[in-house]
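Pulled from Swiss-Prot:
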BINDING   71-76, 105-109, 129-130, K142, K151, 169-172  NAD(+) binding site
BINDING   E184, H247, H264  Zn(2+) binding site
Amino acid sequence: MERIVVTLGERSYPITIASGLFNEPASFLPLKSGEQVMLVTNETLAPLYLDKVRGVLEQAGVNVDSVILPDGEQYKSLAVLDTVFTALLQKPHGRDTTLVALGGGVVGDLTGFAAASYQRGVRFIQVPTTLLSQVDSSVGGKTAVNHPLGKNMIGAFYQPASVVVDLDCLKTLPPRELASGLAEVIKYGIILDGAFFNWLEEHLDALLRLDGPAMAYCIRRCCELKAEVVAADERETGLRALLNLGHTFGHAIEAEMGYGNWLHGEAVAAGMVMAARTSERLGQFSSAETQRIITLLKRAGLPVNGPREMSAQAYLPHMLRDKKVLAGEMRLILPLAIGKSEVRSGVSHELVLNAIADCQSA
């Protein structure tokens, strides 16, 4: 069992990583006997895990209600968020309730925002079931829903009480979702840890076949890196922005193509190549290092080009609504070397458009 602490003073919390955690009531601390829980999951995961998690919580004396949401990025919306509020109020659940997010990034982000908003804030626990949510979205307290004009535009910073990562969930993950998660894994190597990127080049095949020790190390290292960044910059005023490598471009793809048509990790993968090409055009990143990124992403089964039907010009309106924009100016996350990156302002739109065009499918 691996245990990592996100250090945020009184709001510090543990990330527990192991197989078989859904069989252990202690996995869901700080829940105690007699407490009330609203378990939030989706229609795909409910048949797989809802009864198991409900059973282990009830075994610990916890009173469990549940709400099952539709599955898909297109349902990460204010309308679906309202169904969670309605379920909470119908019971009713008070300020002493705990929301448990059992699912991937959509369930986790939406449930976290519900917890931040319901009666001005109730406790919640992240139980991520996808690789992407285990290594990234469940850690750090970013909660949100989408708006038709932009991804994650309505939300709050709100930290969970704990994160429970059961590696056994990956056994039911579709290959496309596994690849999507690997995009965020590869991101950590590019922005923060060149040695980890080297390790990924050597061990990617093991991750693709869900090798237990390799996957446990991979998730642990990603969570360590994210925990360090969040502890240093919880509200993304500086260092934490680096975690958005590829996201400014990627969010544009997701919004323009319709939420759910490109998985988040797929869009981020293409976006990371666009960021690398931008950095190349600025003369601060080598084409050889861009090729290393492209090769690793392709091996993971990820796209390295934007959608054929999306012109370079179509990216700009979305990118100018990005949450990192200050005073109307884009701030891009750009690699300087494998393992080192920067936040860069003042890049001309023409250069960015040319970098996007470099990455468009033929």
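Every residue gets a Cβ built from N, Cα and C, even glycine.
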Output field, Zn(2+) shell: CB within 8 Å of site CB centroid, site E184, H247, H264 dropped = L132, D136, A183, K187, G246, G250, G265, A267, V268
Query = Of all the binding-site residues given, G105, G108, which has the fewest Cβ neighbours within 10 Å once its own Cβ is left out?
reply = G105
Query = Going along the chain, which residues six or more apart from T172 (NAD(+) binding site) have their CB under 8 A from its CB?
reply = L48, T129
Remark   = Within 10 angstroms of the C-beta of E184 (Zn(2+) binding site), the count of other C-beta atoms across all shown chains comes to 26
Ask   = Taking Cα atoms as reference points, which of the binding-site residues E184, H247, H264 is nearest to Q74 (NAD(+) binding site)?
value = H264
Request  = Would you pick out, from the binding-site residues H247, H264, the residue whose Cβ has the largest number of other Cβ atoms within 10 Å?
outcome  = H264
Query = Are there residues of the same chain, six or more positions away from T130 (NAD(+) binding site), whose CB falls under 8 angstroms from its CB, and which are they?
reply = G103, G104, G105, C169, L173, E177, S180, G181
Ask   = Between E184 (Zn(2+) binding site) and G108 (NAD(+) binding site), what C-alpha distance do you get in Å?
value = 16
Ask   = Which has the fewest other Cβ atoms within 10 Å: D71, Q74, C169, the binding-site residues listed?
value = Q74
